[in-house]
């Protein structure tokens, strides 16, 4: 009886949480919200298609720290209040002003109704769609968090230096499995990286001035000659899927199988038989398979630790908690 009651409680409360996120959450309180967001994205992203990847990455980084609650958008207010935005993993994020502009459009229509967390989730989806990527469902009803801590971002966002075990643990802590890990990593097909994220693989892998032997030597030579010309280069940007980094395709996975993933965390996906098998299956399947499975993984990620009901707040401005 005790076991049954415990199971009932788990099912009841998990169901209640899921019910609070729903498709068309704002259909009564702000019926034009999603259309306004989509129209803004469709108008502006074609003029800046490279912004789609950072917006998608921002959504990912937000969800991995305190759940998808827009805590990544909050500005630091003092040296004693350092928010996620200034944590090392987030220093290369772009698009905060874009989110602010979208939020202002929605606020003009429905003040204090649509959360920044939902704005970010919808913008990320719509931006990827504009550049030809997959469409995924975005149930809404998230509320905005009140806390943002740089130290949490520094420890909870998966690092480009992670090995397989670290990746597996990081994703499992957020309720994501190995298939989700492979699929969400596929977002790197439209990504770019700063040399600082992987230059140790080129110049000082074990602290002896050596190169990472797991990185294709021809590719490493090309990177050193034409991109990251020194270990101190902190400005050069490199395409993670060279030749098609603005196209949502299977190029990233094909490069992994050639030992040409930029990050150690990319290469790590091929060191486990299960994740490597998933990659091989994706490469040997129609692009639509990846698109569809990526969409499901994104919807799952978008539910991580969401605040609903009376939790959190609806921020008036995404960079500041309400006073």
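Note that Cβ sites are derived from N, Cα and C of the backbone, with glycine treated the same way.
As written in TrEMBL, here are the features:
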SIGNAL    1-19  signal peptide
DOMAIN    20-322  domain 'Plant heme peroxidase family profile'
DISULFID  30-110  disulfide bond
SITE      57  site 'Transition state stabilizer'
ACT_SITE  61  active site, proton acceptor
BINDING   62, 65, 67, 69, 71, 84  Ca(2+) 1 binding site
DISULFID  63-68  disulfide bond
DISULFID  116-318  disulfide bond
BINDING   158  substrate binding site
BINDING   188  heme b binding site
BINDING   189, 241, 249  Ca(2+) 2 binding site
DISULFID  195-228  disulfide bond
Among 30, 116, 158, 189, which are recorded as recorded positions, the nearest neighbour of residue 65 (Ca(2+) 1 binding site) by Cα: 158
Rounded to the nearest Å - Cα separation of residue 110 (disulfide bond) and residue 71 (Ca(2+) 1 binding site): 21
Set of same-chain residues at least 6 away whose C-beta sits under 8 angstroms from residue 61 (active site, proton acceptor): 72, 84, 89, 90, 93, 153, 157
For residue 71 (Ca(2+) 1 binding site), nearby residues of its own chain (Cβ under 8 Å, 6 or more apart in sequence): 62, 65, 83, 84, 144, 145, 147, 148
Shortest C-alpha distance to residue 30 (disulfide bond) - which of the recorded positions 158, 188, 195, 318: 318
Among 63, 116, 195, the one of these disulfide-bonded residues whose Cβ has the fewest neighbouring Cβ atoms within 10 Å: 195
Under 8 Å by Cβ from residue 189 (Ca(2+) 2 binding site), same chain, sequence gap 6 or more: 240, 241, 244, 245, 247, 248, 249, 250, 251, 252, 253
Rounded inter-Cα distance in Å - residue 68 (disulfide bond), residue 318 (disulfide bond): 13
